[in-house]
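Copied from Swiss-Prot, the annotated features are:
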- GLU117: active site (ACT_SITE)
- HIS140, HIS142, HIS211: Zn(2+) binding site (BINDING)
Amino acid sequence: MTKDIMDAVFIKEMAKTTSNLYRLGWDERNGGNITYLLDEKEVAEYLDVKQIIRTIPMDFDGKKLAGKYFLVTGSGKYFKNVEEAPAVNLGVIQVSEDGKAVHLLWGYTDGGLPTSELPAHFMSHIARLSVDPENRVVMHCHATHLLAMTFTHELTERAFTRTLWQMCTECLVVFPEGVGIIPWLVPGTNEIGEATSEKMKENRLIVWPHHGIYGAGQSMDETFGLIETAEKAAEVYTIVMSQGGIKQAITDEQLKALGERFGVEAKAGYLNN
């Protein structure tokens, strides 16, 4: 006999995280999406993995994820509603063996579908798993100050990263590889997924100019914290600029010392010698 899936840690984590993202104003309306890679063992505690509710075609070759299970936010769903109605707003899916569809095992009880950004998420999972087999979460949101920075700050990865590192001491420690930036592209397309996943091979944070940010990590907390840290730095930058601009900041020598103390290495070429 299976357990009640509402008691599953992964459902509770997703509900708590989506509520926090909405509360912070980073996922207005139906903005934002999360995919959470699950182990078959943890899914089987709550669901009959052979019981397929329906099969949903996918316009993307997901064969590299064949057989894998994911908890996914729904297309057009509001994050503010997840905690009260998980079964409507979330779905547990399994990628088909040919990678051309996903099987719905639970959720989307109103006939809903996985997020329209599923290709970008799946491509990002493939990219991250190739460099970090423990990666489980891909998260997209519209973090306010990071989004604002894409209108006012130079959009080169080195310059953008350096500004974030200089705004909060913890930033270099949390994302020493820096942030990736892609061009503005139409959301929900394979094109934006391909651009994002290419950057995901080296970065866990990818900025979508004038749109939002993608983050990846080994857990829900790690991924949320990664975005949260970068967003805090962007907020500080916004306040600093409104107060008249930067008069002093963390120096490159100090950033190097920080990296040495915490055992991380800044991305090559990002610090001045």
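Glycine is treated like the rest: Cβ placed from N, Cα and C.
The structure, with features from Swiss-Prot marked on it.
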residue : record              : Cβ within 10 Å
GLU117  : active site         : 25
HIS140  : Zn(2+) binding site : 29
HIS142  : Zn(2+) binding site : 18
HIS211  : Zn(2+) binding site : 17
Distance from GLU117 (active site) back to HIS211 (Zn(2+) binding site), taken between C-alpha atoms, in Å: 13
Three-class DSSP secondary structure - HIS140 (Zn(2+) binding site): strand
CB-centroid shell, 8 A cutoff, Zn(2+) site HIS140, HIS142, HIS211, site residues removed: GLY31, GLY32, CYS141, ALA143, LEU147, PRO187, TRP208, GLY212, ILE213, TYR214
Cα-Cα distance linking HIS140 (Zn(2+) binding site) and GLU117 (active site), given in Å to the nearest integer: 9
